[in-house]
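Participant: After the structure tokens below, expect a handful of questions from me.
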Amino acid sequence: MTKRAYNFNAGPAALPLEVLERAQKEFVDYQNTGMSIMEMSHRGAVYEKVHSEAQDRLLSLLGNPEGYKVLFLQGGASTQFAMIPMNLLAEGQTASFVATGSWASKALSEAKLVGDTTVVASSEADKYMKLPDLSQLDLPANTAYVHVTSNETIEGVQFTEFPDTGDIPLVVDMSSDILSRPLDMSKFDMIYAGAQKNLGPSGVTVIIAKEELITESPKHIPSIFRYSTHTKNNSLYNTPPAFSIYMVNEVLKWIQEKGGLEGIQRENEAKATLIYDAIDNSNGFYKGAAELESRSIMNVTFRLASEELEKAFVKASEEAGFIGLKGHRSVGGLRASIYNAVPYESCNALVEFMKEFQSKNG
Ligand SMILES: *Cc1c(COP(=O)(O)O)cnc(C)c1O
């Protein structure tokens, strides 16, 4: 048997073992073509089938919402931080941002370089450990779009509800929780995600958007940065990251086999409950970093009494075969990233380890 680590990496992150094994089987000779998927033309029928299958599967998992298109782009979610304002923010308009943590801040900084921005809700005063209330958003009349980060990967806070922005497009960075639970797509005008947390390997960024948002783009920006270029060419304007898209298609098949988004959500909630219960039942030895109501089911952030003890925890966990439990360097503490592909057994093993560490150090 292959030895697999207890992988809690924040991204790139664990992939389903079944998917890796399937890919391994097809690696050298993809469906009797005598080559791998990486060695063939992206204009050929064999690759094009993978490409359109991945697009169809994504929409199907989201309930086939009408009027939405899927784009496969490169440059990660970070490139979208720039592309979104370049395409959607015109002179005389403002981009309204919800400031919830590290990734929302990065998205905001990039938009500022392109045009006018407004922060319409912020949890900075709570050190981003508690989500702001979005039920009464006061949006400037010239808002071009509202930008929200559904899950703050570093702080470990996650929205379960999204604001009703009426006719104003709602654009959501779902890099770290896309397809982790059912989504009512009618609420969103554009969602986007770098693939390397919940969808597959790095190298491809997925955009799911209402057609009207990505059909016409400003002509003063270079063609490669226009959504319209990629929409017109079905994400085949230039060479796509073929292997990453193939892997995304395989991950999507795996999600379908798990019972779709309802099935995945059930597992994700069970995993998160297991670890949060261990934190909450530790008599204060472990402390959840995020406020209770804002807790993420993807990135569990927690603390110990001192940084010294946290260091000892990380060291002991590594010796016991656990990977990736150190919190992000910007916030410190500990973090267990438990994306779709992290097995329940890994979470269970972590909880056992946490109890043991507490009994030795409590
Ligand atoms: C990881 C992450 C990003 C950055 O993604 P890249 O693909 O590395 O650019 C952006 N937003 C969120 C919420 C993330 O978790």
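Glycine is treated like the rest: Cβ placed from N, Cα and C.
TrEMBL labels come from automatic prediction, so no person has curated them.
Below, the features straight out of TrEMBL:
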- Arg43: L-glutamate binding site (BINDING)
- Ala77, Ser78, Trp103, Thr153, Asp173, Gln196, Asn238, Thr239: pyridoxal 5'-phosphate binding site (BINDING)
- 6-345: domain 'Aminotransferase class V' (DOMAIN)
- Lys197: N6-(pyridoxal phosphate)lysine (MOD_RES)
Participant: Quick check: in three-state DSSP terms, what is Ala77 (pyridoxal 5'-phosphate binding site)?
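Facilitator: Helix, per DSSP.
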Participant: Looking only at Cβ atoms, how many others are within 10 Å of the one on Ser78 (pyridoxal 5'-phosphate binding site)?
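Facilitator: Within a 10 Å radius of the Cβ of Ser78 (pyridoxal 5'-phosphate binding site) lie 15 other Cβ atoms.
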Participant: Roughly how many Å lie between the Cα atoms of the residue listed as 'N6-(pyridoxal phosphate)lysine' and Thr153 (pyridoxal 5'-phosphate binding site), rounded to a whole value?
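Facilitator: Checking the Cα atoms of the residue listed as 'N6-(pyridoxal phosphate)lysine' and Thr153 (pyridoxal 5'-phosphate binding site) gives a distance of 10 Å.
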Participant: At the Cα level, what's the spacing in Å between Trp103 (pyridoxal 5'-phosphate binding site) and Arg43 (L-glutamate binding site), rounded?
Facilitator: 35
Participant: What binding-site residues among Arg43, Ser78, Thr153, Asp173 have a C-beta sitting less than 6 Å from any atom of ligand 1?
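Facilitator: What lies within reach of ligand 1, judged by Cβ under 6 Å, is Ser78, Thr153, Asp173.
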Participant: Could you pull the average pLDDT for the domain 'Aminotransferase class V' (6-345)?
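Facilitator: Summing pLDDT over the domain 'Aminotransferase class V' (6-345) and dividing by its length gives 98.
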Participant: Using Cβ atoms only, which residues of the same chain lie under 8 Å from Asp173 (pyridoxal 5'-phosphate binding site) while being at least 6 residues apart in sequence?
Facilitator: Ala77, Gln80, Trp103, Ala104, Ala107, His147, Val148, Thr149, Ser150, Ile191, Tyr192, Ala193
Participant: What is the separation, in Å, between the Cα atoms of Ser78 (pyridoxal 5'-phosphate binding site) and the residue listed as 'L-glutamate binding site'?
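Facilitator: Ser78 (pyridoxal 5'-phosphate binding site) and the residue listed as 'L-glutamate binding site' have their Cα atoms 27 Å apart.
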Participant: In terms of DSSP three-state secondary structure, what is the assignment for Asp173 (pyridoxal 5'-phosphate binding site)?
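Facilitator: Once the DSSP labels are grouped into three classes, Asp173 (pyridoxal 5'-phosphate binding site) ends up as strand.
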Participant: Can you tell me how spread out the pyridoxal 5'-phosphate site is, meaning the largest CA to CA distance among Ala77, Ser78, Trp103, Thr153, Asp173, Gln196, Asn238, Thr239, in Å?
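Facilitator: Largest Cα to Cα distance for the pyridoxal 5'-phosphate-binding set is 31 Å.
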